[in-house]
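Per TrEMBL, the features are as follows:
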- 6-24: transmembrane segment (TRANSMEM)
- 36-57: transmembrane segment (TRANSMEM)
- 63-81: transmembrane segment (TRANSMEM)
- 102-122: transmembrane segment (TRANSMEM)
- 128-149: transmembrane segment (TRANSMEM)
- 161-183: transmembrane segment (TRANSMEM)
- 189-207: transmembrane segment (TRANSMEM)
- 219-238: transmembrane segment (TRANSMEM)
Amino acid sequence: MNEALFYSMCSGLTMVAGAAMVIVRKKPLSERGLAAALGLSAGALTFVALLHLLPLVWIWGSWPHIMMGSSLGMLWMLLFHRHGSPASFELSEHGMRRVGNVMAVAVILHNIPEGAAIGVGFDLHMETGIALVIALALHNVPEGIGMALPMMAARRPRMMVLAYSLLAAGALPVGTWMGTGWWQDAPDVIAVGLMLAVTVMMGMMVREVVPRAWILDRNWALGGVICGMFLMYTIHVIHG
């Protein structure tokens, strides 16, 4: 368990490293740059949701788990959107602050079941757990960048952005602790959590992130989405 937690923490810190790349940047991004960055984040998270998390749901769960997880995810989305309509897709500081919050929620939600998957992986076989840690560490960097960019565009204090990234990174070892302690013999519970994360991530990308990127500059936004997916695919191929 201690080894799993240690490796999980190390994997989470790569997300903080990604956020730090944005925090130390002094010059703000242009509208085109922000559109590309939001598109990059959306493309990366979409790839993770559909081609990394969803296969794990099928491995550890079945149709009832998929239905339960997606239902919980849609309920979460309904509750989230009751606290502010995204219809206007503001590009103001308030709008960017909302996008930053959305990215943070999406990352935290999928980091918990991913962390649990690390814990279960270490229980099954150490090599399996380490393989998961490496994969997550690689894709955590662009996720940290994607979470920090809209927050910095909303002129949030740098220390607050760093705190958000630490909170999101900390969700990974919390999930690992749950996976090794509570859910060790309950992969079906992890499957439900993963499906919930997939539903929320896709919903937030479609309703919140992509529309704002599209309004800023549709060509750069589309290019960002394509580059985000290609980046995650390259990481996936390199990792094997």
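Backbone N, Cα and C atoms are what each Cβ position is placed from, and that goes for glycine too.
TrEMBL annotations: computationally assigned, not manually curated.
Using a Cβ-Cβ cut-off under 8 Å and counting only residues 6 or more beyond its ends in the same chain, the transmembrane segment (6-24) has close neighbours at 107, 111, 115, 118-119, 122, 129-130, 133-134, 136-138, 140-149, 152, 158, 161-162, 164-166, 168-173, 175-176. Taking Cβ pairs closer than 8 Å, the transmembrane segment (63-81) reaches residues 57, 105, 109, 188, 191-200, 203-204, 207 in its own chain, all 6 or more past its ends. Long-range contacts of the transmembrane segment (36-57) within the same chain: residues 29, 65-66, 69, 99, 103, 106, 110, 113-114, 117, 135, 139, 142-143, 145-147, 149-150, 190-191, 194-195, 197-198, 201-202, 205, 209-210, 212-213, 216-217, 220-233, 236, each at least 6 residues beyond the stretch ends and with a Cβ under 8 Å from a Cβ of the stretch. Between the transmembrane segment (102-122) and the stretches 128-149, 189-207, 219-238, it is 189-207 that has the most C-beta pairs under 8 angstroms. Here the transmembrane segment (128-149) sits apart from the transmembrane segment (189-207); fewer than 3 CB pairs are under 8 Å, leaving out pairs fewer than 6 apart in sequence.
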